[in-house]
Amino acid sequence: MTLEGFLLLAAALFCVGLFGALSQQSIVMLMMGLELMINGIVVAGAAFWFWVSPGRADGQVLVLVAITVMALEMAMGFAVVTALFRARDVDMTDDAGDLRG
Amino acid sequence: MEAVAFWVLAVAAVGAGIAVFVVDSMARATFALLASFLCVGGELLLIDLHYLGVLIVLMMIMEMLVMAVFMVMYMMNPAGLMPMTMLHNRRGALAVSGAAFAALAAGVFTVPWPRRAGRPPRDPTVALGEAIMGPKMLVMMVIGVAILATMIATVVLAAHRGRYDGGDGTR
(Lines of atoms letter the chains of each structure in order from A and count residues from 1; the text may use other names and numbers.)
(Lines give C-alpha, C1' and ligand atoms only; values in the text may rest on other atoms or scores of the structure.)
Protein backbone atom coordinates (compact mmCIF):
# COMPACT_ATOMS: atom_id res chain seq x y z
CA MET A 1 0.00 0.00 0.00
CA THR A 2 1.39 3.36 -1.04
CA LEU A 3 0.09 6.89 -1.36
CA GLU A 4 0.47 6.62 -5.13
CA GLY A 5 -1.65 3.44 -5.23
CA PHE A 6 -4.46 5.09 -3.28
CA LEU A 7 -4.32 8.25 -5.39
CA LEU A 8 -4.41 6.14 -8.56
CA LEU A 9 -7.53 4.39 -7.26
CA ALA A 10 -9.05 7.78 -6.44
CA ALA A 11 -8.26 9.07 -9.94
CA ALA A 12 -9.76 5.96 -11.56
CA LEU A 13 -12.99 6.24 -9.52
CA PHE A 14 -13.22 9.97 -10.22
CA CYS A 15 -12.79 9.49 -13.98
CA VAL A 16 -15.27 6.59 -14.18
CA GLY A 17 -17.75 8.87 -12.42
CA LEU A 18 -16.86 11.72 -14.77
CA PHE A 19 -17.64 9.48 -17.75
CA GLY A 20 -21.01 8.64 -16.24
CA ALA A 21 -21.83 12.25 -15.39
CA LEU A 22 -21.00 13.36 -18.93
CA SER A 23 -22.56 10.51 -20.88
CA GLN A 24 -25.73 9.47 -19.09
CA GLN A 25 -29.09 10.69 -20.28
CA SER A 26 -31.05 9.75 -17.20
CA ILE A 27 -30.75 12.20 -14.30
CA VAL A 28 -30.66 9.33 -11.80
CA MET A 29 -27.76 7.68 -13.66
CA LEU A 30 -26.02 11.07 -13.84
CA MET A 31 -26.29 11.27 -10.05
CA MET A 32 -24.62 7.86 -9.81
CA GLY A 33 -21.68 9.32 -11.76
CA LEU A 34 -21.48 12.25 -9.34
CA GLU A 35 -21.51 9.84 -6.39
CA LEU A 36 -18.60 7.89 -7.91
CA MET A 37 -16.66 11.15 -8.34
CA ILE A 38 -17.17 12.03 -4.66
CA ASN A 39 -16.17 8.43 -3.85
CA GLY A 40 -12.80 9.14 -5.46
CA ILE A 41 -12.42 12.30 -3.36
CA VAL A 42 -13.12 10.25 -0.21
CA VAL A 43 -10.30 7.83 -1.12
CA ALA A 44 -7.88 10.68 -1.88
CA GLY A 45 -8.72 12.51 1.38
CA ALA A 46 -8.21 9.36 3.44
CA ALA A 47 -4.90 8.62 1.67
CA PHE A 48 -3.59 12.14 2.31
CA TRP A 49 -4.51 11.82 5.98
CA PHE A 50 -2.66 8.51 6.35
CA TRP A 51 0.48 9.24 4.33
CA VAL A 52 0.96 13.01 4.60
CA SER A 53 -0.39 14.27 7.90
CA PRO A 54 -1.73 11.51 10.17
CA GLY A 55 -0.94 13.53 13.28
CA ARG A 56 -3.73 16.01 12.48
CA ALA A 57 -7.36 15.11 11.87
CA ASP A 58 -7.80 17.41 8.84
CA GLY A 59 -7.94 14.57 6.30
CA GLN A 60 -10.51 12.69 8.34
CA VAL A 61 -12.66 15.84 8.62
CA LEU A 62 -12.44 16.24 4.82
CA VAL A 63 -13.64 12.65 4.36
CA LEU A 64 -16.52 13.32 6.76
CA VAL A 65 -17.53 16.40 4.75
CA ALA A 66 -17.31 14.45 1.46
CA ILE A 67 -19.53 11.65 2.82
CA THR A 68 -22.07 14.25 3.97
CA VAL A 69 -22.00 15.95 0.58
CA MET A 70 -22.62 12.55 -1.03
CA ALA A 71 -25.77 12.02 1.03
CA LEU A 72 -27.04 15.58 0.53
CA GLU A 73 -26.42 15.39 -3.22
CA MET A 74 -28.52 12.26 -3.46
CA ALA A 75 -31.36 13.70 -1.37
CA MET A 76 -31.47 16.99 -3.31
CA GLY A 77 -31.09 15.19 -6.64
CA PHE A 78 -34.04 12.93 -5.99
CA ALA A 79 -36.14 15.87 -4.81
CA VAL A 80 -35.34 17.77 -8.02
CA VAL A 81 -36.11 14.67 -10.13
CA THR A 82 -39.43 14.29 -8.32
CA ALA A 83 -40.32 17.95 -8.90
CA LEU A 84 -39.24 17.71 -12.55
CA PHE A 85 -41.17 14.49 -13.07
CA ARG A 86 -44.31 16.03 -11.59
CA ALA A 87 -44.02 19.19 -13.66
CA ARG A 88 -43.04 17.75 -17.02
CA ASP A 89 -43.17 13.95 -16.81
CA VAL A 90 -39.51 13.62 -17.77
CA ASP A 91 -36.45 12.16 -16.10
CA MET A 92 -33.92 12.67 -18.89
CA THR A 93 -31.30 15.40 -19.02
CA ASP A 94 -31.99 16.15 -22.68
CA ASP A 95 -35.61 17.02 -21.89
CA ALA A 96 -34.64 19.21 -18.95
CA GLY A 97 -32.16 21.50 -20.62
CA ASP A 98 -33.90 24.68 -19.56
CA LEU A 99 -35.33 25.85 -16.27
CA ARG A 100 -38.91 27.04 -16.60
CA GLY A 101 -40.54 28.71 -13.61
CA MET B 1 -1.13 -9.27 2.82
CA GLU B 2 -2.53 -5.75 3.17
CA ALA B 3 -1.13 -4.81 -0.22
CA VAL B 4 -2.91 -7.77 -1.82
CA ALA B 5 -6.15 -6.79 -0.09
CA PHE B 6 -5.68 -3.20 -1.26
CA TRP B 7 -5.24 -4.12 -4.92
CA VAL B 8 -8.06 -6.67 -4.91
CA LEU B 9 -10.43 -4.09 -3.38
CA ALA B 10 -9.15 -1.36 -5.71
CA VAL B 11 -9.72 -3.43 -8.86
CA ALA B 12 -13.13 -4.50 -7.54
CA ALA B 13 -14.09 -0.89 -6.73
CA VAL B 14 -13.17 0.41 -10.18
CA GLY B 15 -14.64 -2.64 -11.92
CA ALA B 16 -17.94 -2.23 -10.08
CA GLY B 17 -17.86 1.49 -10.90
CA ILE B 18 -17.48 0.70 -14.61
CA ALA B 19 -20.23 -1.92 -14.34
CA VAL B 20 -22.64 0.80 -13.17
CA PHE B 21 -22.62 2.28 -16.68
CA VAL B 22 -22.37 -1.02 -18.57
CA VAL B 23 -25.12 -3.24 -17.16
CA ASP B 24 -28.52 -2.99 -18.82
CA SER B 25 -30.64 -2.96 -15.70
CA MET B 26 -31.19 -0.14 -13.23
CA ALA B 27 -31.33 -2.50 -10.26
CA ARG B 28 -28.02 -4.07 -11.27
CA ALA B 29 -26.46 -0.63 -11.75
CA THR B 30 -27.53 0.37 -8.23
CA PHE B 31 -26.03 -2.74 -6.68
CA ALA B 32 -22.84 -2.37 -8.73
CA LEU B 33 -22.49 1.14 -7.28
CA LEU B 34 -23.11 -0.29 -3.82
CA ALA B 35 -20.32 -2.86 -4.41
CA SER B 36 -17.96 -0.05 -5.41
CA PHE B 37 -18.78 1.86 -2.20
CA LEU B 38 -18.32 -1.26 -0.06
CA CYS B 39 -14.87 -1.81 -1.58
CA VAL B 40 -13.92 1.81 -0.80
CA GLY B 41 -15.15 1.29 2.76
CA GLY B 42 -12.85 -1.72 2.94
CA GLU B 43 -9.94 0.37 1.67
CA LEU B 44 -10.50 2.88 4.48
CA LEU B 45 -10.51 0.04 7.01
CA LEU B 46 -7.07 -0.96 5.70
CA ILE B 47 -5.58 2.40 6.72
CA ASP B 48 -7.01 2.38 10.25
CA LEU B 49 -10.01 4.60 9.49
CA HIS B 50 -12.40 2.20 11.19
CA TYR B 51 -15.16 4.66 11.99
CA LEU B 52 -15.23 6.31 8.55
CA GLY B 53 -14.94 2.94 6.77
CA VAL B 54 -17.88 1.46 8.66
CA LEU B 55 -19.80 4.73 8.23
CA ILE B 56 -19.41 4.46 4.44
CA VAL B 57 -20.47 0.80 4.44
CA LEU B 58 -23.60 1.37 6.56
CA MET B 59 -24.60 4.65 4.94
CA MET B 60 -24.15 3.44 1.39
CA ILE B 61 -26.17 0.27 1.97
CA MET B 62 -29.12 2.44 3.01
CA GLU B 63 -28.49 5.06 0.33
CA MET B 64 -28.34 2.53 -2.48
CA LEU B 65 -31.50 0.78 -1.28
CA VAL B 66 -33.29 4.17 -1.42
CA MET B 67 -31.77 4.74 -4.85
CA ALA B 68 -33.03 1.34 -6.04
CA VAL B 69 -36.57 2.38 -5.05
CA PHE B 70 -36.24 5.63 -7.02
CA MET B 71 -34.81 3.72 -9.97
CA VAL B 72 -37.85 1.48 -10.10
CA MET B 73 -40.12 4.53 -9.72
CA TYR B 74 -38.69 6.69 -12.46
CA MET B 75 -36.80 4.64 -14.96
CA MET B 76 -37.72 2.32 -17.69
CA ASN B 77 -36.54 -1.24 -17.55
CA PRO B 78 -35.70 -1.44 -13.84
CA ALA B 79 -35.20 -5.19 -13.94
CA GLY B 80 -33.33 -5.46 -17.22
CA LEU B 81 -36.06 -7.25 -19.14
CA MET B 82 -35.42 -5.22 -22.28
CA PRO B 83 -31.97 -4.05 -23.39
CA MET B 84 -31.62 -0.30 -23.60
CA THR B 85 -29.04 2.39 -24.04
CA MET B 86 -29.24 5.79 -22.44
CA LEU B 87 -26.01 7.40 -23.47
CA HIS B 88 -25.37 10.61 -25.31
CA ASN B 89 -22.00 11.80 -26.55
CA ARG B 90 -20.35 8.54 -25.52
CA ARG B 91 -17.18 9.18 -27.50
CA GLY B 92 -16.72 12.72 -26.15
CA ALA B 93 -17.32 11.57 -22.57
CA LEU B 94 -14.81 8.74 -23.00
CA ALA B 95 -12.22 11.16 -24.41
CA VAL B 96 -12.70 13.70 -21.60
CA SER B 97 -12.63 11.12 -18.80
CA GLY B 98 -9.68 9.26 -20.37
CA ALA B 99 -7.70 12.49 -20.70
CA ALA B 100 -8.58 13.44 -17.11
CA PHE B 101 -7.38 10.04 -15.87
CA ALA B 102 -4.13 10.33 -17.84
CA ALA B 103 -3.49 13.80 -16.40
CA LEU B 104 -4.32 12.73 -12.84
CA ALA B 105 -2.20 9.55 -13.10
CA ALA B 106 0.73 11.56 -14.47
CA GLY B 107 0.35 13.98 -11.56
CA VAL B 108 0.22 11.14 -9.03
CA PHE B 109 3.59 9.79 -10.17
CA THR B 110 5.41 13.05 -10.92
CA VAL B 111 4.44 15.29 -8.01
CA PRO B 112 6.94 15.03 -5.13
CA TRP B 113 4.53 14.36 -2.28
CA PRO B 114 5.54 15.74 1.13
CA ARG B 115 7.08 13.42 3.69
CA ARG B 116 4.85 12.01 6.34
CA ALA B 117 4.50 14.42 9.26
CA GLY B 118 3.50 12.86 12.57
CA ARG B 119 2.22 9.39 13.31
CA PRO B 120 -1.32 8.02 13.23
CA PRO B 121 -2.97 8.40 16.63
CA ARG B 122 -3.71 5.27 18.60
CA ASP B 123 -7.43 5.77 17.97
CA PRO B 124 -8.17 7.91 14.87
CA THR B 125 -11.86 7.99 15.77
CA VAL B 126 -11.11 9.77 19.05
CA ALA B 127 -8.88 12.23 17.17
CA LEU B 128 -11.70 12.92 14.69
CA GLY B 129 -14.25 13.37 17.46
CA GLU B 130 -12.00 15.76 19.37
CA ALA B 131 -11.32 17.71 16.17
CA ILE B 132 -14.96 18.23 15.17
CA MET B 133 -15.98 19.00 18.75
CA GLY B 134 -12.99 21.31 19.25
CA PRO B 135 -10.96 23.28 16.72
CA LYS B 136 -13.01 22.05 13.71
CA MET B 137 -16.42 22.65 15.27
CA LEU B 138 -17.31 25.18 12.57
CA VAL B 139 -17.21 22.33 10.02
CA MET B 140 -19.60 20.30 12.13
CA MET B 141 -21.94 23.29 12.57
CA VAL B 142 -21.97 23.96 8.82
CA ILE B 143 -22.67 20.27 8.12
CA GLY B 144 -25.54 20.35 10.59
CA VAL B 145 -27.14 23.44 9.05
CA ALA B 146 -26.62 22.01 5.55
CA ILE B 147 -28.40 18.78 6.51
CA LEU B 148 -31.30 20.75 8.03
CA ALA B 149 -31.53 22.98 4.94
CA THR B 150 -31.49 19.90 2.70
CA MET B 151 -34.28 18.27 4.70
CA ILE B 152 -36.47 21.37 4.35
CA ALA B 153 -35.59 21.90 0.68
CA THR B 154 -36.24 18.29 -0.32
CA VAL B 155 -39.66 18.28 1.35
CA VAL B 156 -40.58 21.60 -0.28
CA LEU B 157 -39.39 20.42 -3.69
CA ALA B 158 -40.97 16.99 -3.55
CA ALA B 159 -44.27 17.99 -1.93
CA HIS B 160 -47.22 17.64 -4.26
CA ARG B 161 -48.33 21.23 -3.79
CA GLY B 162 -44.99 22.66 -4.88
CA ARG B 163 -43.66 26.05 -3.91
CA TYR B 164 -46.36 28.43 -5.07
CA ASP B 165 -49.50 26.38 -5.04
CA GLY B 166 -52.43 27.95 -3.20
CA GLY B 167 -53.37 24.66 -1.62
CA ASP B 168 -56.26 23.53 -3.76
CA GLY B 169 -54.05 21.08 -5.63
CA THR B 170 -54.43 22.74 -9.04
CA ARG B 171 -51.73 24.64 -10.82
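Note: Cβ is positioned from N, Cα and C throughout, glycine not excepted.
Beyond its flanks by at least six residues, the transmembrane segment (B:6-23) meets 29, 32-33, 35-36, 39-40, 42-43, 46, 80 of its own chain at Cβ-Cβ distances under 8 Å. What TrEMBL lists as transmembrane segment is B:6-23 (among others).
Counting same-chain residues at least six beyond the ends of the transmembrane segment (B:30-47), those with a Cβ under 8 angstroms from any Cβ of the stretch are 2, 5-6, 9-10, 12-14, 16-17, 19-20, 23, 53-54, 56-57, 60-61, 64, 67-68, 71. Annotated transmembrane segment per TrEMBL: B:30-47 (among others), in sequence order.
Outside the transmembrane segment (B:53-74) by six or more residues, the chain places 26-27, 29-31, 33-34, 37-38, 40-45 with a CB less than 8 A from a CB of the stretch. What TrEMBL records for B:53-74 (among others) is transmembrane segment.
Taken from TrEMBL, the feature transmembrane segment applies to B:94-113 (among others). Not one residue of the same chain 6+ positions outside the transmembrane segment (B:94-113) places its C-beta atom under 8 angstroms from a C-beta of that stretch.
What TrEMBL lists as transmembrane segment is B:137-159 (among others).
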